[in-house]
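K.L.:
One structure follows; several queries about it will come next.
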Amino acid sequence: MVRMEDIISLAKRKGFVFQSSEVYGGLSGAWDYGPLGVELKKNIKKEWWKSMVYLHENIVGLDSAIFMRPEIWRASGHVDGFSDSMVDCKDCKSRFRADFIDLSKNCPNCKVGNNFTSPRSFNLMFKTHIGVVEDSSSEVYLRPETAQGIFVNFRNVLDSSRLKIPFGIAQVGKAFRNEIVTKNFIFRTCEFEQMEMQFFVHPKQIDEWFCYWQQNRMNFFIETLKISPDRLRFKAHDSTQLAHYAKAAFDIEYEFPFGFQEVEGIHNRGNYDLTQHAKFSNKPKVFEYHDLLTKEKYVPYVIETSAGLTRSVLMTLCDAYSEEELSDGDKRIVLRLHPKLAPYKIAIFPLVKKVELTEIARRIYMELCDDFHIFYDDSGTIGKRYRRQDEIGTPYCVTIDYNTIEDETVTVRERNSMTQKRIFINDLYSYIKTEILNYKEDFNK
C-alpha cells in the first residue's frame, strides 16, 4: 500500500499540488494545483463529461452561478439542516467532528482523557454579503453543493432543450463547506470541485434507474479511469446516515492510505428538492412535468450522482503510484496513469543537444503538439530523463538520435514495460494514437 507521505511529496516536488499561500506560512486545508495538477484535473473532468453528456443523448450540461438567492438554501434545507456535530477537547482545545471519534476514548490529539464538550451543531455554509451594506437583506452563501443550481433551472433546461423524462443535467463546479476539520491532504477541504448529475425520472421508475446509475458509476472508475477494482467498493447508507433530502444512498469508496473513503455518492433524492422549490417559490407549475402522451402531470423523482473531482485526483495519484526495483539494483517511481489522464502524453528527447538532432526534435514536436500535450527535454542523460517522465506518468518517450538522421526513425519507449521500438517519424502519430486507444492496465501493479 502506498504511503500518504509519498503522494504528498511527489505532488509538491513534481508540480501537481502546492500548499496555498505557502510563502505566508500556508492556509490550512487550502491547496493550489500546479502545472501537472491542472492537467490531471482537466483530463478527469473531460472523461467524466464524455461519460455523462456525450455518451447519453438525454443528458445535457449546465454551469450555474456560485452565488444564488438565499431563499434557495432555505428551501433546500441547508440553512436549517446542513450541519455537522462537533466537540472540543477541554484539555488541549482541539476540535473534532463528533462522528469521527469515539467519545468514550481518550482524545486522539493529547491522549489525556475523554474530557469533551457536549456535541453541538455547526452549519457548514459560508455566509457573506453582496453590495455595500452588510445586513440581512444582502446575505448570500457560497454554495455548499452544485445540485441546487440544477434544480432551480429544471424548467429552463426542460423547455430550451426539448427533453423528455427521463433526462439528466450535468455540472462540474466549485463548492464550499466550512469543514470542522480539514484533513488527508486534498481529500477533505473547504473549497473543492464536484462533478454532479441530476437524473429526472418517473416516480415508478426510480428503483430501476437507481440500480442503473450505481453500476454505471462504478464502471466509470474501473473501465474509464482504470482504478484497481479491488480497491473500490459500494457502501449503503442506513437510515441514520441519510442526508435530509435522500430516500436511499450508496457511496463508491476507494481504499486510500488512510482507509476506505467516499469518492462518489449515488442518491435517490425523491421529489424533495423540486417540491421544496415549488413551495418556497410559490410556482408549482415550474417544477411539474407534463407527459404529452399519457396526459399525466407529476413532480419527477431525482437520482443524483455526485463525485468529488479533487478526491478523484487524489484517488488517481494513489492508485497509479508505484515503486519498482530494477535489475541493476536501482529504484524507479512510476505513475501508471492511463494515457488519457496523463498530464503529458509524449516526451521528446534529442539524444544530445546538437543542432542536427534538436532541429528534428523540434519539427516532431510541432507536428504532434496539436493533438498531444508534449514535454520537450534536452538536458541530462537519457536515463535521468526517462526517470523524470516515469514519475509524472508520461506514457511515451521519443528519442531522436544519430540514426534518425540516416533513416528517419526514432526510439519510442513505453513507460510501464520500458520496452523500446524503432518507429518511422511518418508513422509516429498513428502509432501513439493506436497505443493510447489499445492501452491495457495491469491491475496487479
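The backbone N, Cα and C atoms fix where each Cβ goes, and this holds for glycine too.
As listed in Swiss-Prot for this protein:
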type	residues	note
BINDING	ARG97, GLU145, PHE192, GLU193, GLN194, MET195, GLU196, GLU304, THR305, SER306, ALA307, GLY308	substrate binding site
BINDING	177-179, 187-192, 262-263, 308-311	ATP binding site
K.L.:
Between PHE192 (substrate binding site) and LEU309 (ATP binding site), what C-alpha distance do you get in Å?
P.N.:
8
K.L.:
I'd like to know which of these binding-site residues, GLU179, GLU196, is least surrounded, judged by other CB atoms within 10 A.
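P.N.:
Taking GLU179, GLU196 as the binding-site residues, the minimal 10 Å Cβ count falls on GLU179.
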K.L.:
Which residues does THR305 (substrate binding site) neighbour through Cβ under 8 Å, counting only same-chain ones at least six apart?
P.N.:
MET52, GLU196, MET197, PHE199, TRP213, ASN216, ARG217, GLU264, GLY265, ILE266
K.L.:
With every protein chain in view, how many other Cβ atoms are within 10 Å of the Cβ of LEU309 (ATP binding site)?
P.N.:
19
K.L.:
How far apart, in angstrom, are the most distant Cα atoms among the substrate-binding residues ARG97, GLU145, PHE192, GLU193, GLN194, MET195, GLU196, GLU304, THR305, SER306, ALA307, GLY308?
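P.N.:
If we measure all Cα pairs in ARG97, GLU145, PHE192, GLU193, GLN194, MET195, GLU196, GLU304, THR305, SER306, ALA307, GLY308, the largest is 26 Å.
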K.L.:
Compute the C-alpha separation of GLN194 (substrate binding site) from ARG311 (ATP binding site), stating it in Å without decimals.
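P.N.:
Here the two Cα atoms lie 9 Å apart.
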K.L.:
Could you give the Cα-Cα distance between LEU309 (ATP binding site) and ARG97 (substrate binding site), in whole Å?
P.N.:
23
K.L.:
Give the distance between the Cα atoms of ARG188 (ATP binding site) and ALA307 (substrate binding site), rounded to the nearest whole Å.
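P.N.:
Cα-Cα distance, ARG188 (ATP binding site) to ALA307 (substrate binding site): 13 Å.
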K.L.:
Would you please pick out, from the binding-site residues CYS190, ALA307, the one with the fewest other Cβ atoms within 10 Å of its Cβ?
P.N.:
CYS190
K.L.:
If you measure from the Cα of ALA307 (substrate binding site), which of the binding-site residues ARG177, GLU179, CYS190, VAL263 is the nearest?
P.N.:
VAL263
K.L.:
Between GLU179 (ATP binding site) and ARG97 (substrate binding site), how far is it from one CA atom to the other, in Å?
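P.N.:
Cα-Cα, rounded: 9 Å.
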